[in-house]
Amino acid sequence: MTDRFELVSPYSPAGDQPAAIDKLVANFEAGLAKQTLLGVTGSGKTYTIANVVQQVQKPTLVMAPNKTLAAQLYGEFKSFFPNNAVEYFVSYYDYYQPEAYVPSSDTFIEKDSSINEHIEQMRLSATKTLLSRRDSLVVATVSAIYGLGAPEDYLSLRLILSIGEHIDQRQLIRHLTDLQYTRNEFELTRGAFRVRGEVLDVFPAESDTEALRIELFDGDIEQLTLFDPLTGETLRKLQRYTVYPKTHYATTRERTLSAVDTIKEELKERLEQLYSQNKLVEAQRLAQRTQFDLEMMAEVGFCNGIENYSRHLTGKAPGEPPPTLFDYLPPDALLVIDESHVTIPQIGAMYKGDRSRKETLVEFGFRLPSALDNRPLRFEEWEARSPRSIYVSATPGPYELRESAGEITELVVRPTGLIDPVVEIRPVGTQVDDLMSEVHERIKLGDRVLVTTLTKRMAENLTEYLGEHGIRVRYLHSDIDTVERVEIIRDLRLGKFDVLVGINLLREGLDMPEVSLVAILDADKEGFLRSTGSLIQTIGRAARNLRGKAILYADKMTRSMQAAIDETDRRREKQVEYNLEHGITPKSVARPISDIMEGAREDAAEKKAGKGRSKSRQVAEEPADYRAMGPAEIAGKLKALEQKMYQHAKDLEFEAAAQIRDQILKLKAASLA
């Protein structure tokens, strides 16, 4: 373990990268608060940021606009910094239905959610890392601006253990219970502990592969050992270990009882208001619901919807912002906003949507006014908490350009020598027939095609029409969940189909080097789907291929089209000039086709079998060349596969377990051969 970032990469900065890295680092070290990295598709923005992180040596938070992009970034940074703490912090809900009230139909919708334990573990690991290591890089979504437990409580509750320390076993068990760990003598699961004589086994909530064994002798800690909870194998012995709370929302008994008193005071004031307004039904409803919650908190320390009382539990004043992931960041940290033209507006929108729903709940007596303070940060609060920042985008928005005050670092020249796609304009009248002929040409070359339409209906009709004419085509739309969307993009790259039709394909920002043609239908219809930024982003989808071309079907030239074409031409001119000057021959990007979500420690967002729509999923891994593996690699692979097999069997997924068993047998046979 090291406290310094160590970048591991088979290549060195090239093209515009060296100058961009030097400028970003110099600005950061000079104390510049905001700057923008304008990088075209395929220019190595992530690699550039990784070099900046290594040079400035500061804890880093990278914000992405969605889970899919966050998973991709997590995987990339993990490969760049294999010896450092790269973490993943996104919403842990597989499914979330917030509580709401619809006055027009007098309908109350109860909160309903499904928590993904794997992502919860990764969130806990992220906060622990930020508090304990300087070489920490956390990839997060907009989930970072939502309320968490206060870091002061989180730190004050932690259990610090050292060899030779005197501690009573009962006191130790009580402390673990305060951390919300549960005692389970039959099965050691994450967030649980068991007692065997003077030996305590604890499975830390933020870990997925290591458990802690505490061996006591006559009230003294004799030995601290990390072991594999599946096999019992000893991994290493320790001198000191810190156990962090099982949840970010853990709090002391005293704080909970104090909160009960302040909630009672608020309830009394609110009931007086409702009675004075003659809102008797609302008053009766609020009294009943709140009294039940108070009894639960007094007896067991928590209740359903306890987050609505977070202001009382954290001791904040009315209207004060809640503690968030930003409170866990050290003041000298670096903040990177990826795809900032999407992420920044997202941050601004979160507070307003949450507020309108909760105001209705408060008005009609379902919640106390303090529930309004369980909220995401307002935009100005987020700005105040943000450390020194780098906005990263191919099309920075007006906010980023204004905040950067002219400090724009460009990444236009690609290390591969690839130039931006040729842009052609063709008439709308024959767009479908023209598109079909272009698609056939690309299929002959073994390339893929992206088509963007304006409406769902048009996308569906076009998909059906192309399919009827023998073209292998799929349709990407908003009803498809994150994991399935990633699988569709992977299948496109693998050649399982040739054409992908969608409405807003640019939102992924994913790498698809096999795509050589992007067709934008009805490009002259001004709107957010055909704005300058959207057009540049969509054209950029073909920028990773040597034969890249974008066709805009339009009958008139709009301002957005002209601006997008001018910017693309400007970039092409600079790229061609650089290639001629340095004798570079452009070549297509050869990016391995792997599972993007593997970046988030395997199917992190996948639903458990039996929850939601059942669908087949890949169980066994892709066949590997086992002959090239050494004995240590084979042993590690076997152990990982066995863990997967046992987990599937435990979840009653016997077919999946059998597939992995067969893979284990093949690997064992290959190792013997």
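Glycine residues also receive a Cβ, built from the backbone N, Cα and C atoms like all the rest.
Keep in mind that what you see is a predicted model, and the values were worked out from it rather than measured.
Here Swiss-Prot flags 26-414 as domain 'Helicase ATP-binding', drawing on sequence analysis.
DSSP assigns GLY39 (ATP binding site) to a strand segment in the three-state reduction. GLY39 (ATP binding site) counts 24 other C-beta atoms within 10 Å of its own C-beta, drawing on all protein chains shown. If you look up Swiss-Prot, you'll see GLY39, VAL40, THR41, GLY42, SER43, GLY44, LYS45, THR46 marked as ATP binding site, on the strength of sequence analysis.
Residue counts for the motif 'Beta-hairpin' (92-115) under DSSP, split into helix (H, G, I), strand (E, B) and coil, are 0 helix, 15 strand, 9 coil. The annotation motif 'Beta-hairpin' is assigned in Swiss-Prot to 92-115.
What Swiss-Prot lists as domain 'Helicase C-terminal' is 431-597.
For 601-626, the entry in Swiss-Prot reads region 'Disordered'.
On the 0 to 100 pLDDT scale, the domain 'UVR' (635-670) averages 82 in the predicted structure. What Swiss-Prot lists as domain 'UVR' is 635-670, and the listing cites sequence analysis.
In this view, LYS45 (ATP binding site) is surrounded by 23 other Cβ atoms within 10 Å of its Cβ, with every protein chain counted. Listed binding-site residues: THR41, SER43, THR46. The one with the lowest count of other Cβ atoms within 10 Å of its Cβ is THR46.
Remark: secondary structure over the domain 'UVR' (635-670) totals 33 helix, 0 strand, 3 coil, with classes taken from DSSP. Around the Cβ of GLY42 (ATP binding site), 23 further Cβ atoms fall within 10 Å across all displayed protein chains.
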